[in-house]
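These features come from Swiss-Prot:
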ACT_SITE  H699  active site, proton donor
BINDING   R17, E18, L19, K20, K118, R520, C521, W566, E610  5-methyltetrahydropteroyltri-L-glutamate binding site
BINDING   I436, G437, S438, E489, D604  L-methionine binding site
BINDING   I436, G437, S438, E489, D604  L-homocysteine binding site
BINDING   H646, C648, E670, C731  Zn(2+) binding site
Amino acid sequence: MATTTHILGYPRIGEKRELKFALEKYWRGEIDQAELKQLGAGLREKNWNTQTEAGLSFATAGDFAWYDHVLTTTLLLGHTPKRHANGFPDLDTLFKVGRGQSQSGCGSAGAAASDMTKWFNTNYHYIVPEFSKDDAFEVSWPQLFEEVNEAIKAGHKVKPVLLGPLSYLYLGKEVEEGFDRLTLLPRLLTAYQTILSKLASQGVEWVQIDEPILSLELQDKWADAFKLAYQVIRSDVKVLLTTYFDSVSDTLDKIVELNVDGLHIDLSASPEQLDEVIAKLPEHWVLSAGVVNGRNVWRTDLSTQFARLQPVKERLGDRLWVASSCSLLHSPVDLDLEPALSDEVKSWFAFAKQKVTEVALLGRALDGDRNAILACETYSQPIQDRKTATHVNKPQVQERLNSITASLTQRSAPYAERAAHQAEVLGLPLLPTTTIGSFPQTGDIRVQRSAYRTGKLSQTEYNQALKGHIADAVKRQEALDLDVLVHGEAERNDMVEYFAENLAGFQTTKFGWVQSYGSRCVKPAIVVADIEREKPITVEWSTYAQSLTSKQMKGMLTGPVTILCWTFPREDITRKEIAEQLALALRDEVSDLQDSGINIIQIDEPAIREGLPLKKRDHDAYLQWAVDAFKISAASAKPETQIHTHMCYSEFNEIIDSVAALDADVITIETSRSNMELLKAFEAFNYPNEIGPGVYDIHSPNIPTQEWIEALLKKAAEKVPVQRLWVNPDCGLKTRNWDETEAALANLVSAAKKLRTELA
């Protein structure tokens, strides 16, 4: 019998973001629900055909979502938040939960969207389920069953995928005090029984049930709940229990006791778990080996994976399945849409469509197909060639990396000395006012950027247009009487992509989009070689802006860890090494900025916290190199050069030591929505440097009043000495318009001026 091959899921957005554009048309009222559903059906059909035509044993159904697969599960379970429930749920119900509903919408009262948060340690976001003690679950949303029928009628052998009951509960939150959401499990399991029975009646043989929390360090109460859950939901379908993103070493002894028929493990994230899993695998279970990495863009070394899995095949026989490591949701759709890439670079990559082919080819090779074995060897050759390419592994970069010592991470003076130098050089008032960096990306800016990229504007013409926007931003800030100005970042489409386009070692794509949430997609750059800065990146823009004003101009950089976390990294070197390469490049930029007369430089690190590994025991090692990378970037600054960093998190307690270890002169943080509660972590830690707690929620169109900002600043002054407080918005203002921005900043400046007298 042939080796069973499958993937855990396929991108839902379409090759050219067709779903994104259709959703946004629907939300604007430009197409109706029938047209939207027709487009969705076409995307699903294409995805299933890709899998079946490649030779996979199963086509995966249930991976399509109009907004988010966790939200789809919420509706499947009849668990719509009460504020959005309105009889039988439909697509509009789903969108209200994900996006919220304004007061004027549909003639009804407004209702807030459910929270959104990161899906484990990926850059995908899910809609957080909400739980109350009286919640009931009733299968009422037919999408899964309809899509299974679609696939069966189209002639595909279907494997539905379903988020498991324990992961669904774990990933949610209680919205009332005094109860534990785990107590809802018995009620939830009844709904899962109904789902599996329905799938069995449709002729389904195998169901993929995703329980990614089995890769975490679970509390005993959660780990112990699995045995009951999988006894109760047992039905006539076979269950493949699916884990990903890390090893199951902490939960394996619990897993092998479960009443299921197979286990999927992520061998890309954790290859070392294979031997232990095989040793403990129950005799009747299948083992799905996730060897094709679903989280990246790199071609799989099929020759190496064949050699690795061949003895497993000999031992397990037909019980060995071959699969992607996780859903291909996290990979761009199709490499064939990138004709501009060189043949060499293209030979290094595999996007979702190509990864499907990899899984199928490896399966045939394990079945002894000689042509497939030879094809695996040929396919893997570019990976071997790349290892010795000097334009990938650059001697000059390696030499700099080898020269990194502890002294390279240290500023030349401690904070107290630096603060005295900076006070003298900068001449700033009490409660200095500034912004986080970006100003509104107007329609004019976007039109001019597009014209430049399509050749309709020359480099000179584009630069002149950008200087016009910078001059306008400086003029507006001076009129507002802000103390520290920024140039506004008109030249940047994205805070990471801009640096990727200007550093050697990156590759950008045209259609390398992946879903972030809902209709929002991102196009991460790809680290393809050792990273170095060949010329200054931001100096021209910052110095031009400084030439227009006598006030201090802040240079703006994206930090090394954030660039790393928001790109596709290399697989052949460690993340630590990539971060160090980025840090050295940014260090040179810091030196050039200060030598050009820029006295304040901000190095944004919004992603340090989200880069944390899933297992807490791995946190310290990560935080050590992440902090060191930031410090390498900043340590070339002279004592009189003030280094800022910006972070936007909802929780600082677990990383406050590391935040302090960054030794930034000023940290600006997002606090307005928490009413300054986030400052408790800094107060308890006795954070020694300067802090700018955000007083303007830039995610909302609401304009904060002067009185509101004053109240927030007074709260902040109770937790942080006023001599160390800055006044600023929560985040950059790229997504706001100028009217909102100027009105809010006028109130911010007025509040700061008033409190300088009161709090002095």
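Here the Cβ of each residue, glycine as well, is placed from N, Cα and C on the backbone.
Among the recorded positions C521, C648, H699, C731, the ones whose Cα sits within 10 Å of the Cα of G437 (L-methionine binding site) are C731. A separation of roughly 17 Å, to the nearest angstrom, links the Cα atoms of C731 (Zn(2+) binding site) and E610 (5-methyltetrahydropteroyltri-L-glutamate binding site). Within 8 Å of the centroid of the Cβ atoms of I436, G437, S438, E489, D604, where the record puts L-homocysteine, the same chain has further Cβ atoms from T435, V486, M495, M556, Q602, H646, C731, G732, K734. Of the candidate binding-site residues, L19, K118, H646, the one lying closest to I436 (L-methionine binding site) when CA atoms are compared is H646. DSSP gives H646 (Zn(2+) binding site) a strand state. For R17 (5-methyltetrahydropteroyltri-L-glutamate binding site), the nearest neighbour among the listed recorded positions (E489, D604, C648, E670, H699), judged by C-alpha distance, is H699. According to DSSP, E489 (L-methionine binding site) is assigned to coil rather than to any helix or strand.
Neighbour count (other Cβ atoms within 10 Å of the Cβ, all protein chains): 16 for E610 (5-methyltetrahydropteroyltri-L-glutamate binding site).
E610 (5-methyltetrahydropteroyltri-L-glutamate binding site) falls outside any helix or strand according to DSSP and counts as coil. The Zn(2+) site is defined by H646, C648, E670, C731, and by the 8 Å test on Cβ atoms against their centroid, the other residues of the chain that qualify are I436, P606, M647, T668, I669, G694, D730, G732.
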